[in-house]
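Since the structure comes first, as structure tokens, the remarks are kept for the end.
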Amino acid sequence: MATNNTTIDQFLQPVETNASSILDLKELLEKEMTRPLLTALLMAFAYSIIFLVCLVGNLIVCVMILKSKRTTSATDYFIFNLAICDLLVGIFCIPFTLVSHVFPVLSLGPFACKFIPLAQGVAVGASVFTLMAIAYDRYRLVIHPSNSKAPVKYWASILAGVWVSAVSIMVPQAIVREEISHLLPGGHIKVCQEFWPSYTQQQAYSAALLACCYLGPLVISACLYLMVAVTLRRRKSTNNTMHASQRFNKVTKMLVIVIVLFTLSWIPLYACWMVEDFGELAPPQKIILHDYVYPFAHWLAFSNSCVNPLLYGYFNKSLRKRFRDSLVRRSDNEITGGNISLKIKANVNRKAILKYRRNSNKPLDR
């Protein structure tokens, strides 16, 4: 997988053996170690937005699920795991990627050189695998509705497989990275670099990441959601009720949005990696790729972690209800100020409103 220091590596490698490259290296470092103020501010603003939305949105999902006394379905645990994965994306991927784009020639120490890329890869991999697990769980619920209540070992084994798979695939990220000190005229510079035994192995690993963390989950999820849609359509044709029609439309809309957003969010970044690892780019082209294309590609990919809690929260009736109930309880506490009689009165009024809406055929959940 390509890193932000790739263009610098092109010039750092021959420093000790080829003195003629020193002028080119000096020009590159002067360019790479600085960013125009406006560019840096725009990057910081864009990344800060998805950072805040990612943290707040996924924290809300986690709190709602943990506070619920009715968390018994496997889907709840999968959504909770997805929120944890996306929180890790927000913590490890967004801020450190922003720093690497604003200050490309910067190393945070030998431990961070190995741990941060590993944590980033595990967070992204686990998030993608959890999306695939959710697709399988929804397929299971629709195809085999009689087995809707899965045992604990069912979802626990799947979640364990998600994390073990993510760690196993991303371990090479830590193995091949080293913090290297390069001696330059007037001082030295420390850079976190990848050192592969051969360029062929680096290409093979990039291709494996593309297959295991993008194309594979995308194809599997698409097939599962397609089978869900086909099954619901058949049931609709035999039982043409309003409820079946609404459920079919909701699931169909969800699967289209999930697949499209996942594809659009990640395809630019994977395209950058493939072009850099398999293409023959000149150093100026790599500079353009890293200075302009990668910042946007990373931002778009990480924004998928902001969309996930909103998307699954919107399509999950139970999660929405818990969030509304939590807001109502907080509002009641603020209004009553801890007065028990006022709380009872507010609760009675709320129940009366709910009863009126049910009798008026105006359901709360639309």
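For all residues, glycine too, the Cβ spot is worked out from N, Cα and C.
TrEMBL lists 57-312 with the feature domain 'G-protein coupled receptors family 1 profile'.
The transmembrane segment feature in TrEMBL is assigned to 37-66 (among others).
For the transmembrane segment (78-103), same-chain residues at least 6 beyond its ends with a Cβ under 8 Å from one of its own Cβ atoms are 4, 33, 35, 40, 43-44, 47, 50-51, 54-55, 58-59, 61-62, 65-66, 116, 119-120, 122-124, 126-127, 130-131, 133-134, 137, 155, 158-159, 162, 294-295, 298, 302, 305-306, 308-309, 312, 316, 319. Per TrEMBL, the feature transmembrane segment maps to 78-103 (among others).
Counting residues 6+ beyond its ends, the transmembrane segment (115-134) has Cβ neighbours under 8 Å at 1, 3, 75, 78-79, 81-82, 85-86, 88-89, 91-93, 96-97, 108, 158-159, 161-163, 165-167, 169-171, 173-174, 177, 212-214, 217, 220-221, 258, 262, 301, 305, 308, 312 in the same chain. If you look up TrEMBL, you'll see 115-134 (among others) marked as transmembrane segment.
Taken from TrEMBL, the feature transmembrane segment covers 154-175 (among others). For the transmembrane segment (154-175), same-chain residues at least 6 beyond its ends with a Cβ under 8 Å from one of its own Cβ atoms are 1, 74, 77-78, 81, 114-115, 117-118, 120-123, 125-126, 129-130, 133, 136-137, 205, 208-209, 212-213.
The transmembrane segment annotation in TrEMBL covers 204-233 (among others).
Per TrEMBL, transmembrane segment is recorded for 254-276 (among others).
The feature transmembrane segment is assigned by TrEMBL to 296-315 (among others).
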Close approaches to the transmembrane segment (296-315) from elsewhere in its chain (Cβ under 8 angstroms; 6 or more beyond its ends): 46-47, 50, 53-54, 57-58, 60-61, 79, 82-83, 85-86, 89-90, 93-94, 97, 101, 124, 127, 131, 134, 250, 253-254, 257-258, 261-262, 264-266, 268-269, 271-272, 323
